[in-house]
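What follows is a set of notes on a single structure, which appears directly below.
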């Protein structure tokens with residue numbers, strides 16, 4: 001679990017959610033990003049867990065609160081609370097298991113049903129280190145991401161490949177949305193300016209400034 005920071009230690013708090021089938025590596029992506037750890041013996045998450053990490057984005061201190069849940073159907077009852085307030089998501093599939101990729105569309109629909117439809121989403125093909133077992137070509141992931149206006153990266157939590165890049169890209173894009181909103185508010189004569197220090201950001205409140213982003217990959 002990431003360390004808790006008081007309100008005066010960060011400028012923005014962004015809630016991210018990890019979604020995708022059970023066993024695709026969501027928990028290991030989370031632990032790699034927040035603690036730089038990887039557990040080969042990790043078991044499926046039961047219920048909901050979250051961790052935090054604070055980083056600098058364009059000279060602002062951003063605290064990411066990242067939620068992780070099990071992919072099994074028996075945990076569907078937590079859906080609404082899990083998604084509430086999320087401004088970014090990482091949709092994860094396992095590049096060695098075709099079915100997990102085919103289920104990505106269902107996960108994306110559920111996400112958009114419970115959040116602003118323009119939420120910043122990164123499609124992640126995890127376990128890229130298992131090159132000899134790949135069942136989902138990179139081009140398939142790119143095509144789906146382009147079709148749905150998602151970002152896209154292939155990652156390896158085991159080898160720490162692109163893990164930090166994926167989370168950081170999502171957080172940076174959320175921050176840019178918030179910054180654009182603040183600039184537009186200033187241009188219109190609003191006195192609100194930037195959100196107050198430590199404020200939790202809910203992009204849904206200002207969906208008019210959101211744009212669908214094109215696919216990016218490494």
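Count begins at 1; order follows the chain as displayed.
Cβ from N, Cα, C; glycine included.
Pulled from Swiss-Prot, these are the features on record:
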BINDING   20-27, 68-72, 126-129  GTP binding site
MOTIF     42-50  motif 'Effector region'
LIPID     215  S-geranylgeranyl cysteine
LIPID     216  S-geranylgeranyl cysteine
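Feature annotations (Swiss-Prot) mapped to structure.
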residue : record           : Cβ within 10 Å
20      : GTP binding site : 26
23      : GTP binding site : 16
26      : GTP binding site : 30
69      : GTP binding site : 24
128     : GTP binding site : 20
